[in-house]
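Written below as structure tokens is the structure these notes are about.
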């Protein structure tokens, strides 16, 4: 079929990453580029320029001078630019810096311990063969060896480790296969990272004892070095180590000691070569990707430096011509800058050489500029170069060359340049980069895009194609004798007449385009279709005709955003001649999330038979009826069809013969064959058919001929109460639902009772269409939808019509009067709400209430304000409900079903009861972000209200309705709410989009294999059975006990469609059933015992008394008494039979059936829960069968086997890409979540993070410090526990000073000391609340507070004052001293490491002082920053993170100093606050014993700080204290009172570590009993363990996943992840199947630790291409190159990059062709 040159005959197996060496590149290069001008004055490429023709032609007019081919055939050739001086390789600059920092510049050895080096080498060797366990074994061997031998030599250590390693390498069977697995990759990168982090920062060299040289990097372009102050030389030893004839690398000169200088690349290179001689064996393993591909492949240190730069071929950086202007490519500009620098350096070196008559070598010689002996050389350029002497100029331009070379690689490396052109990194990265734009997704042919419009006359699985598309989209059809007639006609019709053809492909692959105008040419081609072309030696297959799309061809349709699998489905084409747009059936709208307000959709036309087959069978719309998220139906009829269907099937709707026939015909237009009809329901006076009969006629004609029609008992959406006009008469045993219109009964395909509405043909579960899908398959259910749509449309068009009028929304006069009265009442409820919220007395005056409310609003702690908000909402909700009761539904002028608006709402067509209430009753309370509208600074909510007005109207309670209009202020509130919705939508798309992308990139490789395990693309098992039971979510819908009766009533059909008899004849369920019986038997036997006893334990209990009676003498050995020894001996001497008796009794419960018998090959091996469901149902069924009179033919066993078969048929198919489905099922609903469902806690509630922020916290960040950590523990239901839990709650609650402080009086005065010193004196008097005020809630006494003031608070206050004054010179010296101590560059390193650990809090702005209440400056700044960040779209968000990462990496020490200065006092304060945070309250101080003790206390406070002059306190009650503070007079003044107040709010008098607040809430548990639950804000699990008699610790729960993992292990954390994600969605009423959540959780915890789904989590992936196509491609590329990684091309991303078929779905297997 395909011409030979198109048939692929080779396949990529893998990709390895590495670096070309300088020699290889020199060989590859065809030209040295020396001319900085790339085009001459005529616009032609200049010789030796960057567009020289030797590099290949830059555009189509030229010819390559190397291979003499034109633009289309020449793939381009590399060139190079020679650099006059060596520069650092920007790719490896950071690693070079670490190498230099971790090595000794004197003896050229690494400064890490030798043991670490040999250990790492051996560990990397064993990892290369995938021996993970050996890594830990080696660590053990080393530590044991170091313990046993004192001061071992490096050689001994090496021998010891090598011995074990060689054993492992010999016994290895896998070869290098095992090395490309996630766990091994993770282990390797961990070991290497750990080595760099811990061993490369020694203070002095262990070999020559020289102090460490401090190396620092600046602007990524130069290294500066501070040499150590003294050097230890060991004479004679140094040269002995070097091999013969090797030049000794220079050590450190005497002159350089203690100096700081610039380390040039050439001296760095010398040093590196010297290290390499000493440490080469080790560096080979550390940089395995930098091997020289030579005879002996080994690490090549010259890789760290560049002597020339490679120039890519011209075609990859084309010149863009616009008119007569030329615009060059950014890459070319960057290369040009390097060349200009090179020219300048060469000139400068010539000048220096002439002046000095020296070789161009770097020595610190200042050159006297006066002796102007160089007459020949042009020196005018020197004035352009910065620097004094020539050497300075040389260094400066050398650094400039370095930064220009950097820019070629990465334009962000130079932070100082303003005009930037993209470097290599910019070309690869981000959404617009090569990986994501051109490799992961490509533009395609044979696709169409147009606006969609609705059409309910085509089938649900069809798509209407306009003629414009039909003549352009073609399919390559091979010509055969049986289709030649059709194809001839197509060729004759030509490209413009449908059905025609556009082109014919001959046997040799040449193409003949069919002319639109020349009919004779087309006829000639048509006649030769079957005759082989002349001149071809052997005919290679047949001709191929590219024919137009025709009816019935399959197309893939897609609407963006493609959030989940149903966003791409296959439809059959239906050509519509007169149209210009795509036409889509209404039923598919929900799957695509499409509406017809201008949406566009894409259509793709598959070009191979394989693709078409997949589309027809798997991707077809009929097969996509259920959504993978939770198995709910997607397709369903909408709006008009609901109203029409409900009206048509209502009792009393009759049709004459003509009408009946017309409707049946309209419903079944495309049925072939006889139509079965029903006899009329009414015969006299003339025959009439009911609407129900019309629907039944459709059903029995659609259901396939050879299947029994279905039986179904269900409910309609319209409830039974809606039909009741007046109270029914009392009848004994009256069941209101029985035979009512809300009960739908279908027997043998005939609708006998009930109205069909949204519940049956909308997108709702267990309706008529869903049941048809389940029993007869997708094709039938699709036809049911199609036919019903046509029928209902016809009914509306021909007989009924549908309209709304004002009459439908009018309210009766008496209801209106009631409504008015309630509205008047509601205006008075304001003061009542505020009083209730703030616990004010009834008698409080309005002014007092207003004052309190005003305070609550402007207080930093918003809890009171939230409380008032809640009370207001409760009040107005009460009034809203009253009004709604008065008006709806009996207050309406017309009632259901005559009321068309009610009909529309009830049947589910459109709208909700809320809409009808807004029209007829009132709009209700307007809420913004979960609160009432905020107040302006003036205290008004809108300018037309009074400040702090109480009326609900002023708080956004709208009493108007749309029927009678709303007032301007109410309209304004209404608009505010509308705007909020829009803003939310705009913001959340990007956030959830990025979240979904992260999950998809991680989980893309998870596929079900043929052994039913879920594995990642590298073969690592993530789950042994998908979702823990192996079931496919859409198939599980009818495996619920509620649906068993439906399956039983349709037994015949299901048995036939599932081939039950065949299965039973081949499968034997007995083995499995025996297993289930064994499990039941065990449970029956061990029902009472909670603890399982071992065999020896039961034996020893039995003989214990007998042994004790022996009174054995002797002493305890190894912790075992003589009695125990005797028992052990008796147990060992016991004969086999007796021992087996004990062992049998103590045998553990057999494993569950699923884990023993693989469910797909063992019939009846089902999950335990399902087995239990079947048992329960069987008993129920048997009981019912006894009661009922008519015996059912269905026996219990047959029902059981049917259910088991149904379960087995529901197993997930191998090849299912469950990872992608899980990712889509979490990502797609997250777009529907409003960004933050705001949940503002009042005083009695917990604050919780919800919505997308919480999802990001769990999935993307996996941060150890979550925003709202909490624990909850149920309290035992005993009197003692309930009494003690009250005091426990008090004990766990944190107390701040502000909560117990009544007031602070401050007096300020001046005083003059001697020597004219001026002072400012403050007298601060602190008055505390009396104990009675807080003893109920707080675990404190006044003495404790006073003790806190004396020991901690005054110190904090002085620190804060010092901080305020730090601008003035008096204290500057203190701070600078602190900073310089920490100035050493290892703090930069530890700082960076700390920062990297904290990086996972990218979005949790790090507030330094952990104790700060909700509003210190840092907190508000970070909040503001977060607000700004939230508005960025997700692409730029990703960029921001990358830049941040870069900044962190390049953090210079200067920054570190600044950070230390600002953070230090805070850190100190934080640590100080913690000191007091013991569980027990601070030591209780008894009343002072006399004057002496009192004097001591006062003295201690005075001496605690130089500023404190005097101190006094209340010796009687401990209710006040007074301190006098004397400060030197400053130019700057600050407000002491605000400082004291803010400190008092943040100073913690008493706390339990980690817990801020405690609440006791009453809940209902699973057994429907009331119980108390203790909830804490903050986490401290060990603390709660102390109260095991009060709290039921077995049911303790915490939302901090890390805390649970660290305390209870990773399996517990797994469950927490599942529960947390489920809870986030539950708030919005979204159900996601637990199988998806378990898969995501299993993946995140795969490595035994909880890892996030972000770029730090993907570092352990074994596929470098998967990492690169995710984020920070350059970073991952660098990593892969240095480590010499290999990609097996198994992950989906890697397959897409190289164009392989992804190993999933139908790509999981390959078919062998039988050749005979």
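Glycine is treated like the rest: Cβ placed from N, Cα and C.
In three-state terms derived from DSSP, residue 74 (Zn(2+) 1 binding site) belongs to neither a helical nor a strand segment and is classed as coil. Per Swiss-Prot, Zn(2+) 1 binding site is recorded for 64, 67, 74, 77, and the stated evidence type is similarity to another entry.
The region 'Clamp' annotation in Swiss-Prot covers 110-201 (among others) and rests on similarity to another entry.
The region 'Clamp' annotation in Swiss-Prot covers 327-433 (among others) and rests on similarity to another entry.
Per Swiss-Prot, region 'Rudder' is recorded for 410-423. Sequence-remote contacts of a segment are chain residues at least 6 beyond its ends whose Cβ falls under 8 Å from one of its Cβ atoms, and for the region 'Rudder' (410-423) they are 90, 219-221, 330-331, 333-334, 403, 1443, 1446, 1674.
The DNA nontemplate strand binding site annotation in Swiss-Prot covers 436 and is backed by similarity to another entry. Annotation for residue 436 (DNA nontemplate strand binding site): spatial neighbours 430, 1669, criterion Cβ-Cβ under 8 Å with sequence separation of six or more.
Per Swiss-Prot, the feature region 'Involved in RRN3 binding to Pol I complex' maps to 475-549.
Sequence annotations record features per position, and here Swiss-Prot assigns site 'NTP recognition and base pairing' to 561 (among others) based on similarity to another entry. A simple way to gauge crowding: the CB of residue 561 (site 'NTP recognition and base pairing') has 14 other CB atoms within 10 angstroms, across all the protein chains here.
For 595, 597, 599, the entry in Swiss-Prot reads Mg(2+) 1 binding site. In the three-state DSSP reading, residue 597 (Mg(2+) 1 binding site) counts as coil. All protein chains considered, the CB of residue 597 (Mg(2+) 1 binding site) has 6 other CB atoms within 10 Å.
Annotated Mg(2+) 2 binding site per Swiss-Prot: 595, 597, in sequence order, evidence recorded as similarity to another entry.
Taken residue by residue with DSSP, residue 805 (site 'NTP recognition and base pairing') is part of neither helix nor strand, so it is coil. Annotation comment: Swiss-Prot describes 805 (among others) as site 'NTP recognition and base pairing', evidence class similarity to another entry.
Marked as region 'Funnel' by Swiss-Prot on the basis of similarity to another entry: 812-890. When pLDDT is averaged over the region 'Funnel' (812-890), the result is 86.
Sequence-distant contacts of the region 'Bridging helix' (967-1008), counting only residues of its own chain at least 6 positions beyond either end whose CB sits under 8 Å from a CB of the stretch, comprise 561, 563, 923, 926-929, 933, 942, 944-945, 953, 956, 958-960, 1014-1018, 1022, 1026, 1212-1220, 1222-1224, 1226-1228, 1230-1231, 1233-1235, 1252, 1255-1256, 1259-1260, 1430-1435, 1437-1438, 1639-1640, 1643, 1653-1654, 1657-1658, 1663, 1666, 1669-1670, 1690-1693, 1703-1704, 1708. Residues or ranges marked as region 'Bridging helix' by Swiss-Prot: 967-1008.
Sequence annotations record features per position, and here Swiss-Prot assigns region 'Mediates the interaction with TOP2A' to 1067-1162.
Under the heading region 'Trigger loop', Swiss-Prot lists 1214-1255, citing similarity to another entry as support.
Per Swiss-Prot, region 'Disordered' is recorded for 1368-1493.
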The region 'Funnel' (812-890) - residue tally per DSSP class, helix then strand then coil: 61 helix, 0 strand, 18 coil
Additional residues surrounding Zn(2+) 1, by Cβ distance to the 64, 67, 74, 77 centre under 8 Å: 54, 55, 56, 57, 65, 66, 68, 69, 75, 76, 313
Candidates 77, 561, 595 (recorded positions) - the one closest to residue 805 (site 'NTP recognition and base pairing') by CA: 595
Winner by Cβ contact number (other Cβ atoms within 10 Å) across the binding-site residues 64, 67: 64
Spatially closest candidate among 67, 74, 595, 597, 599, the listed binding-site residues, to residue 561 (site 'NTP recognition and base pairing') (Cα to Cα): 599
Spatially closest candidate among 64, 67, 74, 77, the listed binding-site residues, to residue 597 (Mg(2+) 1 binding site) (Cα to Cα): 74
In the chain carrying residue 74 (Zn(2+) 1 binding site), residues 6 or more apart in sequence that have Cβ under 8 angstroms from it: 56, 57, 64, 66, 67, 315
Densest Cβ neighbourhood among 595, 599 (binding-site residues), 10 Å radius: 599
Intrachain C-beta neighbours of residue 77 (Zn(2+) 1 binding site), sequence separation six or more, cut-off 8 angstroms: 29, 30, 31, 54, 55, 56, 64, 66, 67, 313
Other CB atoms, at most 10 A from the CB of residue 805 (site 'NTP recognition and base pairing'): 11
Cβ within 8 Å of the mean position of the Cβ atoms of 595, 597, 599: remaining residues of the chain near Mg(2+) 1: 452, 594, 596, 598
Counts of helix, strand and coil residues, the region 'Involved in RRN3 binding to Pol I complex' (475-549), according to DSSP: 19 helix, 17 strand, 39 coil
